Amino acid sequence: MTLLALGINHKTAPVALREKVSFSPDTMGDALNNLLQQPAVRGGVVLSTCNRTELYLSLEDKENSHEQLISWLCQYHQIEPHELKNSVYWHQDNQAVSHLMRVASGLDSLVLGEPQILGQVKKAFADSQNYHSLSSELERLFQKSFSVAKRVRTETQIGANAVSVAFAACTLARQIFESLSSLTILLVGAGETIELVARHLREHQVKKIIIANRTKERAQRLANEVDAEVITLSDIDESLSQADIVISSTASPLPIIGKGMVERALKKRRNQPMLLVDIAVPRDIEQDIEKLSNVYLYSVDDLEAIIQHNREQRQAAAIEAEHIVQQESGQFMDWLRAQGAVGAIREYRDSAEMLRAEMAEKAIALIQNGADAEKVIQQLSHQLMNRLIHTPTKSLQQAASDGDIERLNLLRESLGITHN
């Protein structure tokens with residue numbers, strides 16, 4: 001039995017190719033069933049996200065297995081093999097185990113340490129459970145990988161520092177203000193970045209969120225999700241004085257918030273400090289605003305500096321995480337190798353049980369026919385001893401005859417022979 005991980009990801013293939021080999025949730029059952037029909041496949045899990053498509057498999061035989069499965073992947077998605085040739089990778093046994101643990105821990109992600117991938121791996125595992133495509137080895141491997149991912153996040157700082165613009169903006173706000181629970185925050189725009197910012201802020205239970213957008217309709221959906229008030233861009237001048245923090249990200253070609261607008265807001269606020277974070281390109285907030293007292297203005301470049309520093313911290317945490325993966329993958333492989341002896345142990349025990357039953361049956365019959373019980377027991381013990389030592393004795397003699405000292409010593413050790 002061997003384990004195999006095979007696939008493509010954001011590092012090896014462009015999005016155009018990743019799209020071609022992705023698996024939709026609607027077809028996952030069919031894909032797993034089809035995969036199990038392939039020669040030597042004992043179990044399989046398909047992980048398909050926007051950044052990767054990977055097959056995790058337990059196989060009866062590893063001979064040319066990755067080539068056969070690459071062919072299956074091409075046939076299933078109706079693409080030519082040459083399209084995958086330079087993009088596909090595969091890992092066997094220990095490397096496959098380490099790879100899954102790294103993936104689940106966010107160590108192989110586009111954004112190092114991102115937590116979403118663990119949920120996606122768990123979903124792939126659940127699909128395989130639902131469609132009965134798991135082997136016992138894969139089930140054990142995935143469960144182990146989940147515990148490794150949890151250990152990585154608990155014992156390292158891999159997820160502690162912001163590495164996205166949205167998260168960095170929220171981190172900056174928390175650094176400047178001790179608590180966000182008493183603050184009003186104005187978000188300008190309603191695109192993807194502002195959506196992420198709004199969700200991060202809601203998690204920190206801010207007092208109030210106001211969303212300003214060109215059209216109220218687009219902003220209303222997000223407002224409903226995070227319990228926010230919606231205004232139009234033209235209402236910003238009137239509402240700006242309420243805001244302790246302003247985070248802006250629109251596609252406007254011209255600034256939306258000018259120096260005069262902020263001066264009026266500060267006057268109404270009696271010069272209480274304001275934090276303005278401009279993550280738009282071109283900028284939404286006039287740069288001259290940074291000259292005003294009690295105003296802290298940060299641009300996307302300032303956030304990038306924070307993000308780069310945090311990336312470096314995550315890289316340091318990733319080194320610790322890699323040590324955890326190395327340790328845990330080694331332990332899993334010890335368990336997996338031990339499973340290779342389970343069948344042999346079971347067969348050996350069954351053989352011994354058959355011998356015991358056979359000898360006991362003969363002894364009982366002799367005693368029932370009037371034979372002396374003590375003589376029967378003596379005879380039985382000698383016969384049992386001879387039967388049990390016959391095969392090991394022949395093996396020892398053969399190893400000695402062949403001059404195979406290594407095998408001879410191994411046999412001696414396994415039989416508990418400690419003296420020459």
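Backbone N, Cα and C define each Cβ position, glycine as well.
Per Swiss-Prot, the features are as follows:
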BINDING   THR49, CYS50, ASN51, ARG52, SER109, GLU114, PRO115, GLN116, GLN120  substrate binding site
ACT_SITE  CYS50  active site, nucleophile
SITE      HIS99  site 'Important for activity'
BINDING   GLY189, ALA190, GLY191, GLU192, THR193, ILE194  NADP(+) binding site
Exercise for review: Specify the count of other C-beta atoms within 10 Å of the C-beta of THR193 (NADP(+) binding site).
Suggested key: 21
Exercise for review: Note the Cβ centroid of THR49, CYS50, ASN51, ARG52, SER109, GLU114, PRO115, GLN116, GLN120, the recorded substrate site, then list each other residue of that chain whose Cβ lies within 8 Å of it, in sequence.
Suggested key: LEU110, ILE117
Exercise for review: Would you mind reading off the Cα separation of ILE194 (NADP(+) binding site) from SER109 (substrate binding site), to the nearest angstrom?
Suggested key: 23
Study note, to complete from the structure: Excluding GLY189, ALA190, GLY191, GLU192, THR193, ILE194 themselves, the NADP(+) site's Cβ centre has within 8 Å the residues LEU187, GLU195, LEU196, VAL197, SER249, THR250
Review point. C-alpha of SER109 (substrate binding site) to C-alpha of the residue listed as 'active site, nucleophile': distance in Å?
Key: 11
Review point. Helix, strand or coil: which one is GLY191 (NADP(+) binding site) in, per DSSP?
Key: coil
Revision key, fill the gap. Cα of GLY191 (NADP(+) binding site) to Cα of HIS99 (site 'Important for activity'), in Å and rounded, measures 34
Exercise for review: Just report the maximum Cα pair distance in Å for the recorded substrate binders THR49, CYS50, ASN51, ARG52, SER109, GLU114, PRO115, GLN116, GLN120, no decimals.
Suggested key: 15
Revision key, fill the gap. Most Cβ neighbours within 10 Å, among the recorded positions CYS50, ASN51, PRO115, GLN120, ALA190, goes to ALA190
